[in-house]
Amino acid sequence: MSCECHLAGSVNPVCNKTTGQCPCKAHSLGRQCDVCPSGYYGLSVNNPEGCLKCQCSNKSSSCVSDQGWLVSRITTDLSVLENNIDVDGWSVVNSAGSVVPLVLDWEITIDILKGSMKVDTSGSEDLYFVAPDKYLGDQRFAYTFALSFHLQQGNASSPAASSKGDVILEGKWFGHPLVSTLGTPPPGGNNFDKYEVKLVENDWRVGNISGRRPSSYEMIVVLSNVTSLRIRAKWTTLTMQQYTRLADIALTVSNRTLSVLVGAENATNVETCSCPPEYKGQFCEQCASGFTRVAPNRGPYVTCSLMETLTRVIPRLECVRNTTLQVLTLVGHAMLLQVLHEDTNNYAGL
């Protein structure tokens with residue numbers, strides 16, 4: 001009996017000789033392991049468990065892979081323009097948030113042919129490379145992919161541990177940073193090491209390196225509006241002058257624009273959701289027409305008619321799309337209400 005095990009959904013291509021059943025990953029089904037179970041989508045060889053759990057802003061468990069997405073990359077281009085050094089928007093800050101000088105280094109090495117950024121790490125302060133805007137904002141389409149980069153330091157002796165993490169990711173809708181560790185510090189001398197941090201929950205911790213792992217939903221919440229991405233620059237307890245260099249940074253994402261390369265791989269990590277009546281949008285991230293939130297920008301959605309009953313507002317008060325009702329004050333049983341514009345970009349899952 002021919003196995004024909006699906007590579008994306010199978011642990012290996014060897015099936016049961018009697019039944020023909022292939023060994024499926026945790027989240028794939030079928031004799032050939034080529035089907036996602038209910039509540040999952042995006043069967044891919046890049047997913048260690050086969051399919052991905054539907055997120056849908058935590059409002060639905062019904063989704064499928066959205067079509068037309070290709071694998072692309074956000075990269076950093078380094079160049080020297082006349083007397084000015086262009087580091088493509090990158091900066092360095094210390095633990096207090098103060099900016100530290102960052103310069104472009106054009107010393108060509110075997111590892112790096114495009115130049116690197118370097119920062120003087122003398123002193124004892126924690127230092128971090130800070131990513132520019134193009135790595136921030138809505139990066140949910142980077143979920144399951146990776147951030148890759150090269151690092152090198154002048155002297156790797158006297159390594160310093162950091163409980164704050166080696167890569168730090170912050171999001172607007174999540175109250176704690178997500179942190180990841182690189183495993184080994186950058187090498188000393190002239191050689192760079194390449195690092196790859198996957199944007200999946202198993203590679204991150206909440207708050208610090210001893211924190212719990214985030215859920216897949218929390219990972220998506222952070223990626224839906226990234227406000228800060230930092231890479232550790234100070235790796236040693238040495239206080240003498242030396243440099244840490246960062247180079248060849250790339251964030252792999254799904255993209256459906258025409259800017260992706262011809263022949264790019266199809267991406268399966270983007271969901272499109274079937275939403276309950278009170279929600280709409282590809283990810284159930286918006287309030288549907290005729291519904292509003294009990295409290296501004298948070299809490300459950302209810303019908304406008306129910307909201308009027310709950311708050312005892314005058315019947316003629318209109319409840320329209322993209323508005324929320326905010327309680328301003330209470331006078332006995334009467335409520336004074338103010339109609340506020342609701343930011344439709346607000347993440348509805350909160």
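Any Cβ shown, glycine's included, is placed from N, Cα and C.
Keep in mind that this is a model prediction, so the values were computed, not measured.
Residues annotated as disulfide bond in TrEMBL: Cys3-Cys15, Cys5-Cys22, Cys24-Cys33. What TrEMBL records for 3-53 is domain 'Laminin EGF-like'. Feature annotation from TrEMBL assigns domain 'Laminin IV type A' to 85-272.
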Sequence gap of 6 or more, C-beta under 8 Å: which same-chain residues meet both conditions with respect to Cys24 (disulfide bond)? Gly9, Ser10, Val11, Gly30, Cys33, Gly50
Listed in sequence order, the residues of the same chain lying six or more positions from Cys22 (disulfide bond) whose CB sits under 8 Å from its CB are Cys3, Cys5, His6, Gly9, Ser10, Pro13, Val14, Cys15, Asn16, Arg31, Gln32, Cys33
Cβ atoms other than its own within 10 Å of the Cβ of Cys3 (disulfide bond), all chains, total 18
Counting across all protein chains present, how many other Cβ atoms fall within 10 Å of the Cβ of Cys5 (disulfide bond)? 23
Cβ-based isolation winner (fewest other Cβ atoms within 10 Å) among the disulfide-bonded residues Cys15, Cys33: Cys15
Could you break down the residues of the domain 'Laminin EGF-like' (3-53) into DSSP helix, strand and coil, giving a count for each? 0 helix, 10 strand, 41 coil
